[in-house]
Amino acid sequence: MGRKDSVWSLGDGQPPEDIDKQIETPPLSTLLIEKPQGGSITVGGDITFIAKVEAKDLLRKPTIKWFKGKWMDLASKTGKHLQLKESFDRFTKIHTFEMHIIKAKENYAGNYRCEVTYKDKFDSCSFDLEVKGVCSPTHQFTISTETCTGIKVILSQEDAGELDFSGLLKHREPKQEEAPEVDVWEILKNARPDEYEKIAFTYGITDLRGLLKRLKKTKKEEKKSEAFAKKLDPAYQVDKGGKIRLIVDMADPTVDLKWYKNGQEIRPTPKYIFEHKGTQRILVINNCQINDDAAYSVTAGEEKSTTELFVKELPIKIVKELEPVKTTVNERIELECEVSEEGAKVKWMKNGVEVPTGVRSRYRVKCEGTKHWLIIDDAIKEDTATYSLMATGGTTEARVQVDLKPLKILQDLQDITIKLGQPMKLHCEILPVNVPGRWYRNGQLIQPSERLTILHRAKLEVESCTLHDAGDYTFVPEGYSQSLSAKVHIIDPPRVHLEALNAPDNTVTIVAGNKLRLEIPISGEPAPRVVWMKGERVSRTGIDVNVCVRVRAETFPDHTCLTIDVTEREDSGNYKIVLQNEAGEDTASVKVKVVDIPDAPGAPLVPVVGGDWCSMTWDPPYYDGGSPILGKHTLEACTYCLVICQVFMQLGMFSSTSLTHCFWIIYATPGTKIQAVQLVLMVLIIYLSLDYIPEVFNLCVRIEEVWGENVALDWTPPKDNGNAPITGYTIQKADKKTMEWYTCVEHYHRTCITIGELVVGNEYFFRIFSENMVGLSESATTTKDSAVIVKEGMHLKNPEYIDYDFTEAPKFTQPLINTFAIAGYNASLNCSVRANPRPKVIWMKNKITILDDPRYRMFSNQGVCTLEIRKPSPFDGGVYTCKAINELGEAQVDCKLEVKGQSM
């Protein structure tokens, strides 16, 4: 049956699903400085209720709500009958909230409530509105005051839709049929209290509490009870934990009584005690609790007397305050507090935030009777805070200070010296044992790696030491100012690296007069002491080169250097290098060979002289210059010097000037001709023992070919090499216009070469010098002909273009995505692949290829691959793979499909 009348005309009602929600009420505090007061008006009149809040200590505007009854929020009912206003006075810092009721109707009467909240502060105030007078027939209730026998309530359709109580639970269209007049008050008067709400819902009564209050005020004609001389009072109130006595006087003491609680019969127990005193029948309820708040009734035959018992919950008071605690880490903390009631609900707070007490929390809460404990088993530094216990009747707090335990060093770090490549271990022992810490090397934090391991927080191991591992190591316990330090010294035995000298048999050859510099790499940690010696033993035949002026020995971190500014014959010999450090000693030898011009041979002897010949003998030179004598010549002495000189001229050793000198020596020398010949021969032999610069006679240079900007030259080596091997050639070029010579190549070893990058249009000549160990030849051989660099014509060459290769191995541009599907509804998996030639696409479930399964449909369009799963079940869940294959390769992507069952 739809409701025919309503109170508020505008706005929607509260959603039905919000009706049964429990309203969380924040802790009480004082915010209202002026509370709305109850009032009384006549039907059709206006009334205003005012609430004021002081904003001096508030950072923003507080939130206010107006309620009618227990749950009806009036913010959604504003309209022609209800207006809500608010204002703020900047000078007095006061918020003013007003509720205006316009043209009040009689059913506007009832209990109202104003609630104000700001952050964790809360305040509320209740007030009553009484509407007097007889309502017009157009209002919801028509109250007849002409007689005292009852009050008639007539339901009308005129204001239907303004406040639909039943519409809050289920929207219904109002029926157009006229409802017959119903005496609701008569029904309420004869009904049990537990049936009031059902009757109010049936007949659309919104303000049931106000209706019952008015019903109590009406004069009733009470019938005299035959069984009860005095019935139960309408209501009783008792504090929680207290005792209450429900008393009735019997007119007939012989009648049997039965007591009921919410319609259920009460049996005698220690909690419920039945007493008889004369005509009085008493129900004693001991230790009243919240669940004893109910409707009680007593029956005597057909008669019944009812009442309501209200149990008032007393505030939980703090009996024993929390005490401050000062302890150290890893200790157990117990905060104990005692309240006024057993099993009371309290809240533990840490710095104003509720302490988590879940299964994985470090905090445990214990309750025994009126005592409550907060236990922290293994305290840490972060547990230092202000802890408080909140009860409804008060709060207690205490400071908990957690300090670190005094650090005790059982075993300090020790300085160690270790060889390169050996394992290293650093270990210390401290109390408390489980204190974490950090390792530092030369002030830098050490991070664990494959080679370096940190064990048990205070132990460090290095698998194989390197030079970088040396330094100052420090272990810093976390939270302490103390630290443990040690020095690690890495040593490496010294070593001489002669392989870098790149000399056969470690022998170095140098021409006398040149500068010698030997650089030999060395290694060792710490840096070794280096000593250079010449000879095998320093004390007897060796010479310490470190004290010689002309010879210098220098030592650097990675090599040692021996320098001889001007080498001499005496510098030849074995040089010994001695390296020493605390890790060991190493030695090595280097042989230095200094070559120089040989000495003159011994004086020639002519033991036999023939008619036109003679025989000569002489001793080899005492010093051969550090290298073997290249040649010896045996000359026959003639009677006349001309024959001897002609022989040497044929050998190319004498010029005409030398021949003249020989004749002068013969004729100018006193004595016999034999003595003159001996003198000339001695001079010639000395001359023969010397190396000289080669000549270039018979060196033929020709131009083999000319093309583009290049010229190919070819030549033959000289017949006279200067008594030493030819070591190279120097090639020069000259422009015919200027004839200025420029060197093209030096120290060239072959007898043919190609000269490039010549200037087009020029004409060039070329010449070549030969070279041996003494130096370049005095003259050069020049080409007879010139080489002309001709300018060639330019030809256009069409470029060749290579076709672009569009082939490509498969590559997924969009991968599969993990998907959730619902059982019974089709699901699809999508991805995109790029490849040329077109790939073959294979779908797999849990690495098994999907073939000819009607539950799966596979599509591939322009690189987009789709797998459709028809009406999947939870068994279709798993890992799906899309694999693309062509001639150039393959690729695949995976995703996880999870199929959930349908929710009811």
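For all residues, glycine too, the Cβ spot is worked out from N, Cα and C.
Quick look at what TrEMBL lists:
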- 315-401: domain 'Ig-like' (DOMAIN)
- 406-485: domain 'Ig-like' (DOMAIN)
- 494-593: domain 'Ig-like' (DOMAIN)
- 695-793: domain 'Fibronectin type-III' (DOMAIN)
- 810-894: domain 'Ig-like' (DOMAIN)
- 1-20: region 'Disordered' (REGION)
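Sorting the domain 'Ig-like' (315-401) by DSSP state (H, G, I as helix; E, B as strand; all else coil) yields 3 helix, 47 strand, 37 coil. DSSP assignment over the domain 'Ig-like' (494-593) gives 13 helix, 56 strand, 31 coil.
Helix, strand and coil residue tallies for the domain 'Ig-like' (810-894), in that order: 3 helix, 54 strand, 28 coil [DSSP]. Looking only at the domain 'Ig-like' (315-401), the predicted model's pLDDT averages out at 89. In terms of DSSP secondary structure, the domain 'Ig-like' (406-485) contains 3 helix, 39 strand, 38 coil.
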